[in-house]
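Have a look at the structure below before the remarks.
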Amino acid sequence: MELRPYQWEVILPALEGKNIIIWLPTGAGKTRAAAFVAKRHLETVDRGKVVVLVNRVHLVSQHAEEFRRMLDKHWTVTTLSGDMGSRAGFGLMARSHDLLICTAELLQLALNSSEEDEHVELREFSLIVVDECHHTHKDTVYNTILSRYLEQKLKKAEPLPQVLGLTASPGTGGATKLQGAIDHILQLCANLDTCHIMSPKNCYSQLLMHNPKPCKQYDLCQRRAQDPFGDLIKKLMNQIHQQLEMPDLKQQFGTQMYEQQVVQLCKDAAEAGLQEQRVYALHLRRYNDALFIHDTVRARDALDMLQDFYDRERTTKTQMVRAESWLLKLFDDHKNVLGQLAARGPENPKLEMLERILLKQFGSPGHTRGIIFTRTRQTASSLLLWLRQQPCLQTVGIKPQMLIGAGNTSQSTHMTQKDQQEVIQEFRDGILSLLVATSVAEEGLDIAQCNVVVRYGLLTNEISMVQARGRARAGQSVYSFLATEGSREMKRELTNEALEVLMEKAVAAVQKMDPDEFKAKIRDLQQASLVKRAARAAHREIQQGQFLPEHVQLLCINCMVAVGYGSDLRKVEGTHHVNVNPNFSVYYTTSQNPVVINKVFKDWRPGGTIRCSNCGEVWGFQMIYKSVTLPVLKIGSILLETPRGKIQAKKWSRVPFSIPVFDILQDCTQSLSELSLD
């Protein structure tokens, strides 16, 4: 499989064993170029071993196809991802294959594992390929892995693998001035330990010929001239504000700023023990969500979301404070009027504009395939329903489906990773002609026939803009940005265009740097990064040592009943936090049906949802780990009562006490008879 001249140009330093970043536009063949580097590496390096890291599960199989096409049959290739379930250990798989394609999270777990079959060291690989390497920053999994690499490099302890980064959009890191953008690019190079960021120079004209940009159009609409449904929602929010008796609370309903305000109010109220204030804040957030949905899709979709929320409140809450009863009555008193307004209210101008775009594109001769990008799973689900209910869209042969993340929350729909793969394949095969997608499809998704991309009212950064645009792969493709005239989304898209130009200037400036100056700068940045990481680790250690675990009580976030102590908690696989006290079971009830988690795990499977037996608040779910059933707690459902007051932590990693790793023998032997066995 031959490379194009511009691909040859960008991989030359990598063929010499140097660490580089390949910067090519989406659709220009970064993966094929990387596969060729891997092939040459295995052919020339004694006992070479390659690992390809991706940040999305669906990219594992997509990349495997590309690498297998490039490699000779005698090179063994395997894939590992979070949806594989029971499998051999990561270490065993790595040691028995020449090339491994996996999600970065699995490599990180293997690096930290103490099990011989699972554990692996970076030195066991001779080449690391980092797909979408612009994510190598801050505390991402990519950067955690590469920080380990840098620590070993600066210690000069052992030979290290070659690094090859791939990106279409290094970004500006939030910078709006050239020097800030240059600093961001240099930091990315330092994090990946690269000596060059490579893009075509001599073969640039050939790149443009093979990879033309889609035609961009701004499709702008006006706001609803009248909005009785939205006005009534805001009136109800005003009534809740009156109950709160907080005149300083800003009433910028339907904005992200307002959402942040009520989220903070909810946290502050929980820590102050103000149950009713917390409940009002929670419900205000739901009404604000309804305004978001109403602005994006239809009033009936917003009302359906509110109805689902209040139905769940009724069926799950076994104990209610006065505020909850008042809020339920408020909704009940107005839901019929809201229903009438939703049924006869004006159509959303954004949907009318979207219909015109789709009719024009899909009504043209030829085979059209498109992707609509939207902000949330909820709006993706609502858009799909709307698409299926428009007779005129059916007449032009639109066959839509959703492509969303594999999460699981009570507030939104979700897809299994198997579902994702099937949808992507059906889109490739032409069984489906239109995807309604969240950001899960922005990066790496390679469908050559896709010729229409619509960004539907999105407020994102320049990287997301470049990535979404790059899904339009076919010739004469159209990239539509659909938003309300004068909206924040429109202003942000214009800013993104300016930032894309700034990014290109910053990369060019870094490429022109004197090699010695570049090396010195990278070395300084790497040393500074490790110092900062060590300082953060020391800070975390101090933070986690503030209190003894047995001095911290665990309270239900809703009813504030004490249900355990910090000393009851253990960590499983680094991310799940379980309560190992056998007496804890008296404080919760369990649903009969297991929760849906859209992965199959190696050592455990999910059980039922667990709820506070006093008030019905959802705390988490059961984990059946190596036949032992353990309750997993969500940090958002637990309030911590410390010797200095109540705390609602955002993450378990930020609680003010240490949580040891779960040891099945030590933690379960004494009370095994009392624990539930599968």
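Every residue gets a Cβ built from N, Cα and C, even glycine.
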Swiss-Prot lists coiled coil for one of the ranges 141-198, 257-314, 489-546, 547-604; which is that range?
489-546
Which range of 43-46, 131-134, 427-430 is motif 'DECH box' in Swiss-Prot? It is 131-134
Long-range CB partners for the motif 'DECH box' (131-134) (under 8 A, at least six residues beyond its ends), listed in sequence order, are 21, 31, 34, 52-55, 59, 63, 142, 165-167, 169-171, 188, 192, 443-444, 463
Shell list (Zn(2+); ref centroid = CB of Cys556, Cys559, Cys612, Cys615; cutoff 8 A):
Gln319, Ile557, Asn558, Met560, Val561, Ser613, Asn614, Gly616, Glu617
Would you report the average pLDDT that the model assigns to the domain 'Helicase ATP-binding' (11-188)?
94
So what sits near Cys612 (Zn(2+) binding site) in its own chain, CB-to-CB under 8 Å and at least six residues off in sequence?
Cys556, Asn558, Cys559, Val561, Val563, Tyr587, Tyr588, Trp619
So which other residues, same chain and not among Leu24, Pro25, Thr26, Gly27, Ala28, Gly29, Lys30, Thr31, have a Cβ within 8 Å of the centroid of the Cβ atoms at the ATP site?
Ala168, Asn211, Gly470
Have a look around Pro25 (ATP binding site) and count the other CB atoms within 10 A of its CB, chains all included.
20
